[in-house]
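According to TrEMBL, the feature region 'Disordered' maps to 15-91. Summarising the annotation, TrEMBL assigns compositional bias 'Polar residues' to 27-46. The annotation compositional bias 'Low complexity' is assigned in TrEMBL to 47-67. Annotated domain 'Xylanase inhibitor N-terminal' per TrEMBL: 64-198, in sequence order. Marked as compositional bias 'Pro residues' by TrEMBL: 68-91. Taken from TrEMBL, the feature domain 'Xylanase inhibitor C-terminal' applies to 238-329.
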């Protein structure tokens, strides 16, 4: 199984059953009520500042400006008592007996609920990287999950660093390397696949193994969690990398480098995230980046459009951008 890559979740099989024993370190609870959990996050006085990246914009991009939304009043980790309303129990199967509970939440809306912990068997299709081999090739017994309110499900996936994320449970159960790969689709109707448990091969058009051309960087642990229900000394479930500089057309952006480092309180750093489909920068970093970018774009004869596409403030005409097989040419920016 070491070379098997697990694709998207195909199906749940067998009837859901309640979590009857304590082999997992879960909190034992009484039947759910509307009372907020007493396990809250460690208070922090300052808003979190970080950069998150999923390909920074450049003179080779159609859209160039990135924005930073104002700090959320509930950011970074907010006790349930400070939320607009207390978490309410999620609906669950009639067979659930409230032995153990989980706290499913949506990282976008920062809403959480209390739900029964359930065990089921998870069936996944398998692949060798080029073709799908089996519709039910990987069976994960005792897959831990919970029910949730519909309002918490939008754009939510459990792919964080926690021990009960989808990659962690699948890879641990099938004795696979703890890794996963996301193929982000540009189509609204055709979602991209997810590969679990292998670093390759990953074929493009059945001829090119993309895993051989990947560049790797270590992941950095943020010592402070930022979820709604955060336990003291529990590290963040999110993914951070050690970004040290940003360059535009080989010229360094003048920034406060300390903002790129995660401090002991969990502030700062560079986060890899799919929450936004564009790069989000801390305000001072964005201003310095945008100023240098606009200056260099003039030297490349790039034409700014009369109006920008919301939420961006500066956009460039697509006709001036060269295209490649994998998208717009982005040779003029670099992040290290």
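Glycine too: its Cβ is placed from the backbone N, Cα and C atoms.
Per DSSP, the domain 'Xylanase inhibitor C-terminal' (238-329) is made up of 24 helix, 19 strand, 49 coil. The average pLDDT computed over the domain 'Xylanase inhibitor N-terminal' (64-198) stands at 69.
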